[in-house]
Each structure stands twice: as C-alpha cells, then as structure tokens.
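Peer 1: Handing you this structure, nothing more for now.
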Amino acid sequence: MEVGNFLLCAVMGVLGGIGVGVMHATFEHLWYHTLDWLHRGGHIQRLAPQIDVTQNQYHKESFWATAIGPIPVSAAAFYLRHGFISRMQVSSDIVGSLLFTWTVMVLHDAYFFAVHTLMHYFKSVYKQVHQWHHATHGDLTVFNTAYGDILDVTFTFAPFYAAVVAYVYCQPTWNPVDVMFLMWAVNGVDMMGHCGYKLPPWVYVPGSMGVLLTPLAQRPKHHYIHHLDPRYNRSLYFTWWDRLAGSFREDHPKVVNDISTASNCSSEVQTSFVCSNSEQFSKAANDKQFF
C-alpha cells in the first residue's frame, strides 16, 4: 500500500469512527427525549420509581467509547471500498433484512455474553475496564448506554462487527437495507435496556425491529436488573445464555413489575417494604463485589 493511500485510509478511518460516535449520540438523544416525553405523559413508568434519576445529560465519554473502536474497521472498509460498492445491491426484501438482523443479533448475543461474563469473572478486568459502566447502579437512563471505558465498548462490539463486515465483503452481493435495519435494532435494544423504564410492546417491538418478539428475548427490566446486581442477566438481547448458565434473574426487590403498583409506591408501607429489602439486597451484592 502506498504511503498516500495508507494515510487516506487512516484519515477515513478516523472520520468513520467519529461518524459512528455521532450516530450513536443521535440515537441516544432521540431515545432519551422520546421516552422522557412518554413518561411525562403517563404512558410509561420507571422500573424503580423510588430511585432518583440524575443521569439526564449526555456523557462525552460515551462519544469516545463508541468512536474509537470502529476506527480500524472503518479504515479497512474504506480500503476495500471498491469491492463493497461493486457488490452493493439495494433490495426491498424486508423479510430478508429482518432475518439478517435477527441472525447477527443472535450471534452477537453469544459473543457479548462470553466477553461480558469474563469481564465480571476477572476482578482486575472488572475494576479497570467495566466497573465504570456500573457506577450509577439503578440511576440509569439512555445516556448511560455507552457510558464507560473505551476498552469496555471496544471489546464487546468492535471485534464482532469487524467479523460481520468481513462476512458481508465476502458475499456476492450485500443489501445496505440489511445494515440499516441492524443498526436500528442493535441501538434500540441496547438503549431500551439502559433506559430504566418499563416499556409496552408498542415501543419495544418497533424499537427492536421485532427482534424482542423472539421467545425468551430480553425486556428492559432484565438488563436494568443487571445494573442493580451485576451477577445476573449478562446477555444483551436474549435470556437464553443466562438461563443456561444459571445467571438469569426475573425480578428484583427494587423493580416494580406493573404500572398500578408503581402508582402506589408513595404509600408509606410499600415504600418501607421496598427500601428495607433493597438495602438488604444492596448490602449482599456489595459483600460479593458484584462478581
């Protein structure tokens, strides 16, 4: 490769990474303000209404966490751009795009579960790379989706999607609609998992491109429980791997399971009950250092 072409690929890689960071930040703002509007209108409720919410601003750390990992992938994609362009074939095969999205997310869920579990298993890795992402515990909003160490987001996403890019390049043709569906679904499910709200199907079905209609798929409360107690629910899209590994948890003392219960959370008896159980559970979790 000529020096000039190498430098051009490097520059385009940086620009590509910045583009991914901007795209992710745009998604976070879109989801945050949409859900906040639905919440203020009484259409959705917080999963743990007794926990004060302070995470109401976008974190600049999230931008760098999502922008750095894609740089080498973007540089490689630009270097191979002629192959990608010649193989690109726009298609309105919606079923095919949905199947592509579902398949990639099933595979990424297995990869994510493995890497994520290792981050929790090795205490030094957890403390140096992943603990930052858990700093807010139940005080969680969409703006916490990518909040964490650059290596955290890079390890859990970049290698897998580099393999996806390589796979797409090796195909006789590829459909950019598939990529758009995948980007919407992955970002949607990830952000719904960090939003802190109990969401109805009319939100999480279109937000996931229908992926969350899969049997035993995640719901927002499952990943929220992971942030309350990181020993459980370490997968990202589905609950299969956690169920097999014995790390699945359906409920938590802090989580309200229905809106009618949430509306009564202000009652003295119920608040006392929830707070008492929450404190006991938090102490137990801290004793085990979330591993």
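Cβ atoms here come from the backbone N, Cα and C positions, even for glycine.
Automated prediction, rather than curation, is the source of TrEMBL annotations.
Pasting the feature list from TrEMBL:
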DOMAIN    104-246  domain 'Fatty acid hydroxylase'
TRANSMEM  7-27  transmembrane segment
TRANSMEM  63-82  transmembrane segment
TRANSMEM  94-114  transmembrane segment
TRANSMEM  150-170  transmembrane segment
Peer 1: Short question: which residues 6 or more past the ends of the transmembrane segment (63-82) have a Cβ under 8 Å from it?
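Peer 2: Counting only partners 6 or more residues beyond its ends, the transmembrane segment (63-82) has Cβ contacts under 8 Å with 1, 5, 8-10, 12-22, 24-25, 146-150, 152-154, 157-158, 161-162, 165, 169.
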Peer 1: Using DSSP, tally how many residues of the domain 'Fatty acid hydroxylase' (104-246) sit in helix, strand and coil.
Peer 2: 97 helix, 5 strand, 41 coil
Peer 1: Looking only at the domain 'Fatty acid hydroxylase' (104-246), what is the mean pLDDT?
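Peer 2: Over the domain 'Fatty acid hydroxylase' (104-246), the predicted model scores a mean pLDDT of 95.
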